[in-house]
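Undergrad: Structure provided below as structure tokens; questions to follow.
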Amino acid sequence: MAKVLVLYYSSYGHVETMAQHIVEGAKSVPGVEVTLKRVPETIPVDQARAIGVKVDQAAPVATVDELADYDAIIFGTPTRFGNMAGQMRTFLDQTGGLWMKGALVGKIGSVFASTGTQHGGQETTITSFHTTLLHHGMVIVGVPYACSGLVNMNEITGGTPYGATTLAGADGSRQPSANELDIARYQGKHVAELASKLAS
């Protein structure tokens, strides 16, 4: 049985919502075990609450060592100046021991993201994230254009061939759209199908 981990960081809940729909897509594939976890918050709780961070998220916090237990990992992060959030970077910077052992070599790595604006760095966030995964020897999987949501021209929407994305709005008031959530589900299903093939 293939094991898929959806691992995310979410400040205000947008990436959390996307992660839940990626899990939904992955769980639609028979014979795949799907786990949802998040990386630790690095901002002190009182300070995080004061700036509106959603600190009470249901997903348990992951540990670095458990990454080796999965056949595929789908990472989710908000964008920080065109890169992954510092919380995700801090977590991944602790994976040197896994790198030394080659523990993630040959496993699938995939990424989804959230940005504040339509051109806020969603693609650079995902492609720069890929660098870390490639150093670990992971096999990168995105979202193919077989996913019809990628060519939706009827609305302002996230979604890239590199991975699912959502646009949160500059003030965070916009929630993931139906199209963005469809792309997220597609990504989860696509990764799970490939993980199942590789694990068999």
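Every residue, even glycine, has its Cβ placed from backbone N, Cα and C.
Taken from Swiss-Prot, the feature FMN binding site covers 10-15, 79-81, 114-120, H135. Annotation comment: Swiss-Prot describes Y12 as NAD(+) binding site, evidence class sequence analysis. Sequence annotations record features per position, and here Swiss-Prot assigns substrate binding site to W99 based on sequence analysis. Under the heading domain 'Flavodoxin-like', Swiss-Prot lists 4-191, citing sequence analysis as support.
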Undergrad: Is T117 (FMN binding site) helix, strand or coil when read with DSSP?
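TA: It is coil.
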Undergrad: Out of G13, G120, give me whichever of these binding-site residues has the highest number of other Cβ atoms within 10 Å.
TA: G120
Undergrad: Can you tell me the three-state DSSP label for the residue listed as 'NAD(+) binding site'?
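TA: Where the residue listed as 'NAD(+) binding site' sits, the three-state DSSP reduction gives coil.
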Undergrad: Of Y12, W99, which of the binding-site residues has the most Cβ neighbours inside 10 Å?
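TA: It comes out as Y12.
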Undergrad: I'd like the number of other C-beta atoms within 10 A of the C-beta of T117 (FMN binding site), please.
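TA: For T117 (FMN binding site), the 10 Å Cβ neighbour count is 14.
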Undergrad: Where does T79 (FMN binding site) sit by DSSP, helix, strand or coil?
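TA: For T79 (FMN binding site) - judged by DSSP and reduced to three states - the answer is strand.
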Undergrad: According to DSSP, does W99 (substrate binding site) sit in a helix, a strand, or coil?
TA: helix
Undergrad: Of S10, T79, S114, which of the binding-site residues has the most Cβ neighbours inside 10 Å?
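TA: When each Cβ's neighbours within 10 Å are tallied, S114 tops the list.
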